[in-house]
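Here the structure is laid out as structure tokens; the discussion comes afterwards.
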Amino acid sequence: MASSSKLVLVMCFMVSAFGIAIGNTLDQEFEITWGDGRAKILNNGDLLTLSLDKISGSGFQSKNEYLFGKIDMQLKLVTGNSAGTVTAYYLSSQGPTHDEIDFEFLGNLSGDPYTLHTNVFSQGKGNRDQQFHLWFDPTADFHTYSITWNPQRIIFYVDGMPIREYKNSESMGVSYPKNQPMRIYSSLWNADDWATRGGLVKTDWSQAPFSASYRNFNANACIPNSPSSCNSNTTTSTNSSWLNEELDNTSQERLKWVQKNYMVYNYCTDSKRFPQGFPADCLQNS
């Protein structure tokens, strides 16, 4: 049996002991972790807001941990002059060898596009960043940002459009996030030492407080130690399809369109950063 097939069977066995999480209200799924009142859950749990002022930002985390799944959240980002601010929305485990899957939205001057920063960490090692501009104004309305994470690949989506695919490269000696359950975290914070034009543009505190909003969370995902099962025998094929999800030809063409027109940085083409040669995972993730 091929090693990739063995991996899928092993992972399917692992997740069969886990439960599935489906979207509830935000107060059921998340807890505010910091910000001294700057984070709020409103509208009977249907809306969550984070705010940032000169004293502090704010943040929240999921009550559950997940090991593989499809995660969706709608976000509306900081409006106006958001330079220096970062809205981070990501999956992460803890510790020096943590795994992590990142969306980070780097603010900019009014009229300039946001930069969407993506990254994947495994066993504490990251440096797998790709950055994009968006084809719409992410501050004018809510848009859906999704992560599909399964044993074979991680796919980043914006409004259902694939923008990045990161494939499992363990056969090349590159670790892949597959063993550590991760929580969802989000925060709005000041990073004007690096976020906008490498730190050249500072946060304009006269525009504070800055605010980002969240709604319509859904996690079609596996929860460790849950009593319900996550395998295909006890869930619908629609609900569990993410476990073997891959991009079909149409989705591959959409991915190429986004990367051709909206990608502004790719670690796999940065020869100055990697003068001794590109990382091994670039062979199938460029």
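Cβ atoms here come from the backbone N, Cα and C positions, even for glycine.
Sequence-distant neighbours of Glu100 (active site, nucleophile) (same chain, six or more apart, CB under 8 Å from its CB) are Tyr90, Leu91, Ser92, Ser93, Asn119, Val120, Phe121, Gly126, Pro177, Met182, listed in sequence order. Summarising the annotation, TrEMBL assigns active site, nucleophile to Glu100.
For Glu104 (active site, proton donor), the same-chain residues 6+ apart in sequence whose C-beta sits under 8 angstroms from its C-beta are Val86, Thr87, Ala88, Tyr89, Tyr90, Leu116, His117, Thr118, Asn119. Per TrEMBL, active site, proton donor is recorded for Glu104.
Here TrEMBL flags 1-214 as domain 'GH16'.
As annotated by TrEMBL, N-linked glycosylation site applies to Asn108. Taking a C-beta cut-off of under 8 angstroms and a sequence separation of 6 or more, Asn108 (N-linked glycosylation site) has the following same-chain neighbours: Ser82, Ala83, Tyr114, Thr115, Thr196, Val201.
The signal peptide annotation in TrEMBL covers 1-23.
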